[in-house]
Structures are given as C-alpha cells and as structure tokens.
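Take a look at the structure set out below.
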Amino acid sequence: MGKYFGTDGVRGEANVELTPEMAFKLGRFGGYVLSQHELETPKVYVGRDTRISGQMLASSLISGLLSVGIEVYDLGVIATPGVAYLVKKDGASAGVMISASHNPALDNGIKFFGGDGYKLEDEKELEIEALIDAKEDTLPRPSAQGLGMLHDYIEGVRKYQAFLKTTAEGDFEGYNVVLDTANGASYTSARAVFADLKANLTVIGENPDGLNINVKVGSTHPEAMAKKVVETGSDLGLAFDGDADRLIAVDENGEIVDGDKIMFIVGKYLLEQGKLAQDTLVTTVMSNLGFHLALEEAGINSVITAVGDRYVVEEMKKNNYNFGGEQSGHMIFLDYNTTGDGQLSAIQLLKVMRETGKTLSELASEVTIYPQKLVNVRVKDNAAKKSAMDVPAIQKVISEMETSMNGKGRILVRPSGTEPLLRVMAEAPTHEQVDHVVDTIVEVVEEEIGVK
C-alpha cells in the first residue's frame, strides 16, 4: 500500500478526506500515467455507485482526465465489475470506478483498472502518488483541439447485462429468487438480468437515495433478505454490496451461505465438470478451517493469499488458476471477468442448483463451518493500525491465546486495508472458546491503541 492508495484504491470520507481537489488530481495524474504510451487518443471509462458524493467526485475526476487530453466515456451508475469488463472488451485505455464498496454513504473511493481490465499494479499507483506529491505540476496542458471530450455511454450497462446473461448457459425458469441490490450499483442491472433469465423475482434494496447505500441491506446486512426469503417461500436470496463485486446468499430456510460455502459449491461443480484449473481454488487467510477441510475431502487443492481480492487475482494470474475468492463474497471467475463480480457469482451459483437439481441448503450442507468471531477495533489512526503487532502487550495476549487453543483453532489479527481498524478474528471448536479468545485480545487492543 502507498500513501494514498490502499488495497482497493483511494478511500476516505467524501469531501473531507477524498475531496474534489484530490479527485481532480487522481484524474489528471492517473489518466496521464495510464495513457502516456498510447498511440491514439486515449479513452477512459468512468463508473460510479449510488452515493450522493459520486456525482461531485465524478465531475472533478473527469475534469482531470479531460485536462490531459483523454476521451472520457461516462457509464453512470454501474457495478464495479461492469467497468472492468467493458474496459477490456472495448479496448479502452483504462477504467475508473467511484465507490467505497460496502462502506457507509459518507465514504467514497476511486479505483483504477488498466486496459487489461485488472486493478492497477503497485508500481503504477506509486507513479501516480509521486505526481500528486510533486512540488509542481509539470504535465502537458493542451488547449483547444488537444483537450479531451466527455461522452455519455449509457449503452455500457446494457452491454454488461448482455454479457452476464450469456454466462448462465440457459435460464432459471421456475426458481423463486429474492435479490438485494443494497441500494447500490446493481440496481441498474440485477433485476433486468435475472428477469430476462426467467427467474421469479422479489427485489429489495432497490431504491437508492444517495444516503441509504448498504443501510440494513446488501451483502453485509443479509438479515432483511433472509426474512423475505422465508416470507415468500423463495428458493434462495442473493445479496450484493454497494458496488456489486460481492455476493452473499441465503438458502430456502433463511440460513446465510457465505463466500466460503459458495466457493466450495461452485468449485466442486467445476471440478466435477473438469473445468477447475489445476483442481485448485485460491482463497485468503480469512477462509474458515471447515471450508479447507471440505475442499480436502472433495479433492480440491487450495492456495492461500493475504486478505484482499487483488491478492487472490495476482495469485490466479501468476499460476493460471481460474477460480478463487474470499469469505466476504468476492469471487473471481477469470474465465469470464477480471475482478470479483457479485452478479456473475450469483448466476454461477444458480447454475449449479439447476444442473444438480439440489436445493441451496443441500449443497451448502457439505461444509461444516467452525465457530468464528470477527471484531473490528477502531484505533487512533492509520499509524497505530500499522504498528499494532509491534506493541508488546498485544503480542503477549495473542501468544497466550494461541497456547490456550492447543492447536485446535486459529487466530488472525490484521489491519484493515481501507479504514483505521484492527480486525481480530478467531476460530475454535466451540462458541465459548472463540468468544473468550477474541474478547480477551480485543480488550488489550482497545486499552493499548483503541479510540478512547
């Protein structure tokens, strides 16, 4: 991570940390870095989610892009993976998504995709940061015909919808589905896609007002969807987050099916079809012990990375794997798209149900999840977050708790990549054990570096 770029672009409270001035600089300098080797006039796609600050930041970012001679195509409200898909398909120079994903409405973020549809490499981000921090802006300032132009690209969403539908390889007629679009980016696509695939739909979280994105809806709050699934007697529920790069499901009984279980279900099906590259699934350190045991039982190899879908994708690209993801619901199908895609993941999950004839609860029952607890501790600042593991008292309590578990469980303490939070997670055979371990560590963290 750099000074401005975290694990998922530049994030902060909109108009306080992530200001219009910063958005302009990111557009100007980011656009320059990503297009300086173009032989023709560079073309950049810009999308956003439904946050009230999105239009403000988009106008500033676009101004920066135009100032260095870039042709900008405004996609409007669209899912993050839609930007990545269209950039690669249309041969654009780069793409930019304005979103803070699952974060609340007061936050926003800006992330870049290269012309290949993948998130930027660290080297490119550092190059952009160096230009932002330079004492003087020495980039070209073209005038008249050298300036870029802004184009509305409303058909981009329709192209993305058409792509999603092709991945179903059939339809979902007869399935009753609850969709939760989190009052976010997928409200422009999810209903249309699944209706065209002939599913019977009930949709919640489909009325964004700029402030209600992720509020008691979406993949981080699936309770409302679970209730609706039971009320309507639906076969399953599918919840996306604010920018629709995640999926969390709910079975016909209202039980949550997280990213680990979805990855197992789809991974096992791909293995049986001979379509799981090298019989391997890529996941992160956050995935549950029970998930790994189920993979082993099914004959699936696993490769573990640091937390963050960018690290999963890097591993997949490096070793030619085609499927991976995170417990949080990011799932990457490199045979279809370059980044996590909630709607694509939902289609693949429904496809497994259709092809096997099994209910979601039957498919998910093959994974026995160990009790897990995760607590986010708000710390003083980002410096405290990064140095937390150097604090003797924190080191000591983690060591003591690991000893107390006798090898039957695990502890993971790590800084958030996007917020001043320290994440404390543990897994153990019983809920009592996991509560004791996490609560004990959290108490020490709060005492040492927490916000008083």
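Glycine is no exception: its Cβ is also placed from the backbone N, Cα and C atoms.
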Item to complete: Have a look through S93, S101, S365, S387 and flag the one Swiss-Prot assigns to the Mg(2+) site that D241, D243, D245 belong to.
Response: S101
Practice prompt. Tell me the Cβ neighbour count for D243 (Mg(2+) binding site), meaning other Cβ atoms within 10 Å of its Cβ, over all protein chains shown.
Written response: 36
Worksheet item: Within 8 Å of the Cβ centroid of the Mg(2+) site residues S101, D241, D243, D245, which other residues of the same chain have their Cβ?
Response: D49, A79, T80, S99, H102, G184, A185, F240, G242, A244, R246, G340, G342
